[in-house]
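Asks: Would you mind keeping the following structure in view while I ask a few things?
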Amino acid sequence: MAAVAVNGAKLGTASQAYLESRAMSDTKVLISDLCRQFYNLGWVSGTGGSITIKVHDDSVPKPQQLVVMSPSGVQKERMLPEDMYVLSPNGSILSTPSPKPYPHKPPKCSDCGPLFMKAYEMRNAGAVIHSHGIESCLVTMINPLAKEFRITHMEMIKGIQGHGYYDELVVPIIENTAHEYELTESLAKAIEAYPKTTAVLVRNHGIYIWGDSWISAKTQAECYHYLFDAAIKLNQLGLDPSTPIHGPIQNVKGVLGSGIHRNISVNAGTAASDNKSDPAQRCIVLDIEGTTTPISFVTDVLFPYARNNVGRHLSATYDTAETQDDIKLLRSQVQDDLEKGVVGSVPIPLDDVGKEGVIAALVANVESMIKADRKITALKQLQGHIWRTGYEKKELEGVVFEDVPEALKKWHDSGIKVYIYSSGSRLAQRLIFGNSNYGDLREYLSGFFDTTVGNKRESSSYAEIVQSVGVDKPSQVLFVTDVFQEAVAAKEAGLEVIVSIRPGNGPLPENHGFKTVNSFSEI
């Protein structure tokens, strides 16, 4: 192969070797194999759909790796490795396949190319799949006005990056266009608006899915198609995939299974379209400490347990990937604290001083953070892992006020989605409600938010939650908290707010202006 010119300049020797490498040829073979498999699944029939994979090379940073992309308008199940295009990291074509005799059309790079490159650019993906699977089309057609697909409490959600069984999976839906490349701008906007998503649905068309590697993208693609199929079938049965127990679709305007909204009510197999009432709140977001749970449980039980067990936990799990990730976060936080002169922060030595020295410094910092009740992700993540061990050993039991279980069930049965927003990690939240003094309450909860969406005293955090829960306007979300500053921030974002008055809570300012309740039964 001769040196390839890109924008008038020839590639260097190293780049030429990369083009002719074993990794390059293996990637081309892999795409051919995957397209045959995807054809049998119905994802790339009729020459539709496509796949692209970055050519992995340990010596080349991922953003600079070359891209192999399948051609457009060809029989995907009959493609050969030599039919593939090779692109530079910025999308310039470096290698074009040779033409084939009649009846084959002249080679043409995938029409999906600009969209694939957006996923590479904005998500640092290692592979992107475009599927025309019928499930991904039908799930967008149930309601032509829906902007999102939603589903929760399905085992296959665990196959989607960053999600667990109890999480709500949200996939944005964009409108189709006559030409594939015209979707590029709306795809980019969806990727930006939904930072957690690894897929974008295109109405009446299909789906784009990306992952860190081809294995990640393929695994997620299989899980997405499974979940779409499940949601369609549950809707056909009159069941709502977007609620934890997948019960009957409720008589609530705008709420239909899998988060696809339309004006319809389903009850005992009958449907009506005359429901004109719009509920004041479609979602309730609850704080934990001082709202669902006594402050004393957090300050007198959870915090001391974490403080007393941090050394033991780190010693027992030091070499695990999870704890190493915790230590990495703590190192970063402590370094920032030292630069800012935060009282109680001490340097954490490098690993070469030995495990014991590192752990001693970590314990000192964590104890100081707990004493100051700091709302920082590094601390909350480690605490969640320590508490998980405590719940597993039956040394801890979550506590909620006696009115909480009945209220959660009532709201859930009324078709109102309930979320938790706490400074504690999502894991810590799930542990409290999954191991409570009233049993496992997670079936009544649609999702969990922590400080990764933002500080609880900043209005932007609540605006982010509004975008995530799928309501038309912020006022359809009710936020319940015991903290005045959080109430102010939520109100600034347009949410309805109620302040919780519980035993042990701090005083509120005079003339604070918020409605208050002493029990959830008053809501």
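Placement of Cβ uses the backbone N, Cα and C atoms for every residue, glycine included.
Here's the feature list from TrEMBL:
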- 1-240: region 'Methylthioribulose-1-phosphate dehydratase' (REGION)
- 29-232: domain 'Class II aldolase/adducin N-terminal' (DOMAIN)
- C112: substrate 1 binding site (BINDING)
- H130, H132, H205: Zn(2+) binding site (BINDING)
- E155: active site, proton donor/acceptor (ACT_SITE)
- 284-523: region 'Enolase-phosphatase E1' (REGION)
- D287, E289, D482: Mg(2+) binding site (BINDING)
- S422, S423, K456: substrate 2 binding site (BINDING)
Asks: Give me the non-local Cβ neighbours of E155 (active site, proton donor/acceptor): same chain, 6+ apart in sequence, Cβ-Cβ under 8 Å, ordered along the sequence.
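Replies: Within the chain, E155 (active site, proton donor/acceptor) has Cβ neighbours under 8 Å at Y165.
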Asks: Ranking the binding-site residues H130, K456 by other Cβ atoms within 10 Å, which is at the bottom?
Replies: K456
Asks: Mean pLDDT for the region 'Enolase-phosphatase E1' (284-523), as a whole number?
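Replies: So the average pLDDT across the region 'Enolase-phosphatase E1' (284-523) works out to 93.
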Asks: Between K456 (substrate 2 binding site) and C112 (substrate 1 binding site), how many Å separate their Cα atoms?
Replies: 40
Asks: Relative to the Cα of D287 (Mg(2+) binding site), which of the binding-site residues H130, H132, H205, S422, S423 has the closest Cα?
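Replies: The answer is S422.
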Asks: Compared by Cα position, which of the binding-site residues C112, H205, S423 is the closest one to E289 (Mg(2+) binding site)?
Replies: S423
Asks: Tell me the Cβ contacts of S422 (substrate 2 binding site) under 8 Å, same chain only and six or more apart in sequence, or just say none.
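Replies: Spatial neighbours, sequence-distant, of S422 (substrate 2 binding site): D287, I288, E289, A428, Q429, F448, F449, D450.
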Asks: Note down the number of other Cβ atoms within 10 Å of the Cβ of E289 (Mg(2+) binding site), including every protein chain shown.
Replies: 24
Asks: When you look at S422, S423, K456, which the record names as binding substrate 2, what is the longest CA to CA distance in angstrom?
Replies: 8
